[in-house]
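As recorded in TrEMBL:
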DOMAIN    246-281  domain 'EF-hand'
DOMAIN    286-321  domain 'EF-hand'
TRANSMEM  26-49  transmembrane segment
TRANSMEM  61-82  transmembrane segment
TRANSMEM  102-121  transmembrane segment
TRANSMEM  184-206  transmembrane segment
TRANSMEM  376-395  transmembrane segment
TRANSMEM  415-437  transmembrane segment
TRANSMEM  449-472  transmembrane segment
TRANSMEM  478-498  transmembrane segment
TRANSMEM  510-530  transmembrane segment
Amino acid sequence: MIKSVVPEKEEACEQTYGFMPCTKTALGNVFLILVYGFLMFTAATYLSAGSELLLEILGPGIVGGLFLPMLGALPDAMLIMVSGLSGDASEAQSQVSVGMGLLAGSTVMLLTVIWGTCTVVGKCDLRDSIAVNNQDTKGFHLKDSGVTVDVWTSYAARIMAISVIPFVIVQLPQMLDSQSGRHLSVLVALILSVSMLIAYCVYQVFQPWIQRRRLAFAKHKHVISGILKHLKQHALGRLLDDEGQPDEHVIRRLFETIDANKDGHLSAAELKALIIGISFEDIDFDKDDAVGKVLQDFDKTLDEQVDIEEFVRGIKLWLIQAMGGAGPAGPDAGPRTMKFLDTFHVQTKREHALLGDNDNGENEEEGEHVGNRKWIITKAALLLLLGASIAAAFADPLVDTVNNFSAATGIPSFFISFIALPLATNSSEAVSAIIFASRKKIRTASLTFSELCGGVTMNNILCLSVFLAIVYVRGLTWNFSSEVLVILIVCIVMGTFASFRTTYPLWTCFIAYALYPFSLGLVYILDYWFGWS
């Protein structure tokens, strides 16, 4: 009797939501990862477009500081959330590595591959260690070609470096090889990351106001340097004597030259005539505002005019300020007065440039946008709603597909999420950064690298807050030592580098590029050779 062989029925995969397509085969899961990844990319694109429209109409402030950074990190946060909320605690523990892979992969990709590419496409010729806008004649010269950013980008890099502190806190019990206190360390790190998120949003809200104040101060210093340089050129003698002290006799004779009506006082009109007659090398500022600030420095009697004693005292203070900025004065400071003033003038001009003056015709189309204000706000809201809905709907299927692909191929889900998922969730941000950098201007380079630092900061505080909340509430185990080490290394290396310099020569892109394979290899070695957890 011949027995018929009944083929063993293949185990069916579990459909997300009960109807989403799924498969157990490696090729099928690759296809689904591409489909779901494209949908997450679409969600990120809609969120980015809606955010830009809203920022364009409502300005930075609360919108730019509070909502838009959170919306930019929303796709990552959604994927991290669903990776830890699925199934029971044991299933969540196995799936949460997808969230950690995405968190580490997004941070590493932004600070390595994207950072290096923005340096390459945004490079300009470097002159006196500052990039020349729209001039790229040095080709790929490693030292004489690169990008320059404003000082606010350095501040953003410092904030990014500080934002890794919660990672250190949550890792302390494992660093000390202690089994007790791990749950408590997760709670402390969660509280700290949420606090840092609130503080960062408050800073972002007030940062435009701080920037305007700093820029106004820099412009005033440049006016001071320009006036001193002009007075030196027209002085009958040296402004500093042989001992390096302000020469009152020369300063009094300058007052008599400026006092057009010889009434013993300098009026606002006479000060304005002096400022108008000075070339400030394409730095735009309000002449009346500059006169008002000069009066504040000189007019101690508050009578809206400057007498000769006030003028002498004010010029003395300006000269002392200039000597302080140019270095210590010596016995031969008098003959070198012009050198001091030239150095001070160059420093104030550089400071003004690095603060990033954005009032150079950037808002010419503002009037056009105001007329369509309601329509643009409506369009922005619809784009944000659509992007958030797509991210919420397809985050869970994407995480399930990554786990299915991992089971089918034997490749750890962490590495899949580390490499593939950031391409989906950060691609629109990456393309936007590269396009901005390609405009080859200091201002656009500053915006590009500031956004990269801001994106990593939101990963380190918002996305980490979501991750820590899931670990704490569900009682999961924190065993991501190698992943945390990679995040710390990349953030500290790039954050420290960008914190203390505003010009990135082309050779720096190789440091950024090298950190990506280094990070991936380090996690693999620590996890699979040394058994870190």
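Each Cβ is built from the backbone N, Cα and C atoms, and glycine gets one as well.
Given the structure is predicted, the values throughout are model-derived calculations rather than measurements.
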The domain 'EF-hand' (286-321) - residue tally per DSSP class, helix then strand then coil:
26 helix, 2 strand, 8 coil
Tell me, please, if the transmembrane segment (449-472) and the transmembrane segment (510-530) are in contact, taking contact as 3+ Cβ pairs under 8 Å between residues separated by 6 or more positions?
no
Can you tell me which of 26-49, 102-121, 184-206, 510-530 gets the most C-beta pairs within less than 8 Å of the transmembrane segment (376-395)?
26-49
Same chain only, please: residues at least 6 beyond the ends of the transmembrane segment (102-121) with a C-beta under 8 Å from a C-beta of the stretch. Say none if there are none.
76, 79-80, 83, 146-147, 417-419, 421-423, 425-426, 429-430, 433-434, 437-438, 445, 448-449, 452, 455-456, 459-460, 463-464, 467, 483, 486-487, 490-491, 494, 504, 506, 508-510, 512-516, 519, 523
Would you mind splitting the domain 'EF-hand' (246-281) into helix, strand and coil residue counts from DSSP?
20 helix, 3 strand, 13 coil
Which listed stretch (184-206, 415-437, 510-530) has the most C-beta pairs under 8 A with the transmembrane segment (26-49)?
415-437
